[in-house]
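Reading through the structure tokens given below for one structure.
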Amino acid sequence: MKFNFKLILIILIINQILIINCKENKILEIYKSGNICPYPLHYRERTGSDDHDFDLGFVYARNDSNCLLPCPSPIYTSQEVNTLSLMIKITGTISFIASLILLLIYSPLINRMGYNRHTIGIFFLTFSVFLIMLTDIIYVHHGNDLICPQSHRYSRQNDSGCTITGILFQYGCIAAVLFWATLSLDLYLTLKKISTKKVEKWYLIILTLIALILTFVPLVKKSYGYLVTGLACWILDSTDQIIFFWAPFTAILGIGSILIVLVVYEIYKISKITKQNRGIFQSHIRPLLMVLFIFGQFLFILAFNALINNKYDEYSARMDSYIDCLFSSSSYSYLCRLKTFPFEMEFIVLFFLRLIGIEVLIFYGFTQQTKKILLHSFLVNNIFFKKYFIRLDGASLDFSTVDEELKVVNFSCNNNNNNNNSNSNSNSNLNNNLNNNLNNNNLNNNNNLNNLNNLNINNNLKNSQNNLNNSQQNEPLSSQKLSENGNVNVFMVESFDNNNSMINQFKHLEEKNNIILNSIISPVQEEQYEEDEINNKNINNNSNNDENN
């Protein structure tokens, strides 16, 4: 009896297993041919052409089913997607602002010093990084809708957002690595003291054309879209990726690495010669570090892509196992896990890519070259900055037009006039004449005044001499004339004393405003002021002569 009970129990268990397997097989058949798909897959009837469905953004889990993969891709958990999204929004925004600041500084809007091989490379490298970071700003604005227009459809080139971000990302990456190599070449040519002014515009045109060709040929082929394994709109076909990105990217990176070795060798030779040349060595450390930093990041991206391609078959097998798990365990599909790309490495690659904008600002935004550009720009050379900000030590601040200089000179002189008028009301006419001469830079008036003063003094001297000669013949008359002439001389002495007093007061005020006057007086104005000072000295000499007489 005991034996029969065990046998019955075994039969029941086997029967239950068979029933479950039968149900699972039926469910699997339903999934393959019916309108039901396990979570998170979604049912969609095929149109008959897999390529057409793929071009529309629909990716089926299996070739023999109507179940679509979810969007975003199941290779990342929801927590990992949120982590990547948050990192992209924060670092992408900061890097975008940093690259925008440096781009404006080196743009023709602010840079009035012209361009050379070095500044051209910085401007276009920054512009390329700016375009890459701009795709992050677009993503911040649209969110996951930019990647997934629908819950189970991936964005394609037909979607405007994908087209724009795809072009910006592809051109930005290609141009960035091209102009990075250009800066490496510039560093080497600078050390070798080789000039390339005649060919600068040509290599700029050639590099831009290369980047445009590698960007718009995939656009003509309608190759842009969001991959199941990606987080950006980029080239879909793996062959096109190699032709239009990875092959030129690797070649340019190889050329750049050779240039880096040559630069390090040249710097080593310079550092071994003399202490004077060590200053040259130190001046090239910052550009070299920038080139090395970007080289390391580009190299890491290349290594990550090589790792993905090397393990592509393994990752594809894991994806197939995940799909099988979903179909075979429909009631427990949430237990199925997909583990393909290493999330940590993906995070580091995306993070390093977004650090480039911050790095270009740190390495190129705080240099003597950038300081000179700012000091010669309208941002510094304006009345508001002169009035409310302290002038930088050792800086030579210039204005773009003489009119702006004269406005500031008149502003300073008018303030001095007000102070002089308040200190000396009794001599207001003389003070106004002097200030008007300085404000209007009227050299002719000063010369006329000097001539008139000299003429009056000479006349007075002659009259005094005549009176002295005739004093013995006509004492009453001579005394009267000497008294009159003496009054005239006293008046002239007092007038010139007042004139000297006002000149000294103006000089005292001019010393107080020395920072403003030194930074804005043009060469023409300096010459006029020197002539005015000579005239003032002549007036002082005439006054002293009059007193002696």
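Including glycine, each Cβ sits where the backbone N, Cα and C put it.
Listed features, source Swiss-Prot:
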TOPO_DOM  23-89  topological domain 'Extracellular'
CARBOHYD  Asn63  N-linked glycosylation site
TRANSMEM  90-110  transmembrane segment
TOPO_DOM  111-119  topological domain 'Cytoplasmic'
TRANSMEM  120-140  transmembrane segment
TOPO_DOM  141-162  topological domain 'Extracellular'
CARBOHYD  Asn158  N-linked glycosylation site
TRANSMEM  163-183  transmembrane segment
TOPO_DOM  184-198  topological domain 'Cytoplasmic'
TRANSMEM  199-219  transmembrane segment
TOPO_DOM  220-241  topological domain 'Extracellular'
TRANSMEM  242-262  transmembrane segment
TOPO_DOM  263-287  topological domain 'Cytoplasmic'
TRANSMEM  288-308  transmembrane segment
TOPO_DOM  309-346  topological domain 'Extracellular'
TRANSMEM  347-367  transmembrane segment
TOPO_DOM  368-549  topological domain 'Cytoplasmic'
REGION    417-483  region 'Disordered'
COMPBIAS  417-474  compositional bias 'Low complexity'
COILED    432-475  coiled coil
REGION    528-549  region 'Disordered'
COMPBIAS  536-549  compositional bias 'Low complexity'
Secondary structure split (DSSP) over the topological domain 'Extracellular' (141-162) reads 9 helix, 3 strand, 10 coil
Spatial separation of Asn158 (N-linked glycosylation site) from Asn63 (N-linked glycosylation site) - C-alpha basis, Å: 24
List nothing but the one residue from Asn63, Asn158 whose Cβ has the fewest other Cβ atoms within 10 Å; the candidates are the glycosylation sites. Asn63
Can you say which of 90-110, 120-140, 163-183, 242-262 has the most Cβ pairs under 8 Å with the transmembrane segment (288-308)? 242-262
Residue list, the transmembrane segment (242-262) vs rest of chain: Cβ under 8 Å, 6 or more residues beyond ends. 170, 173-174, 177-178, 180-181, 184-185, 187-188, 210, 214-215, 217-218, 235, 288, 291-292, 295, 298-299, 302, 305
Counts by DSSP class (helix H/G/I, strand E/B, coil) across the topological domain 'Cytoplasmic' (184-198): 11 helix, 0 strand, 4 coil
Summarise the topological domain 'Cytoplasmic' (111-119) by DSSP state, stating how many residues are helix, strand and coil. 3 helix, 0 strand, 6 coil
Write out how many residues of the topological domain 'Extracellular' (309-346) are helix, how many strand and how many coil, based on DSSP. 29 helix, 0 strand, 9 coil
DSSP-wise, what's the residue breakdown of the topological domain 'Extracellular' (220-241) into helix, strand and coil? 5 helix, 6 strand, 11 coil
Model confidence over the topological domain 'Cytoplasmic' (184-198), as mean pLDDT, sits at 86
With the cut-off at Cβ under 8 Å and a gap of six or more residues from its ends, the chain residues touching the topological domain 'Cytoplasmic' (184-198) are 116-118, 121, 256, 259-260, 262-263, 266-267, 270, 280, 284, 287-288, 291
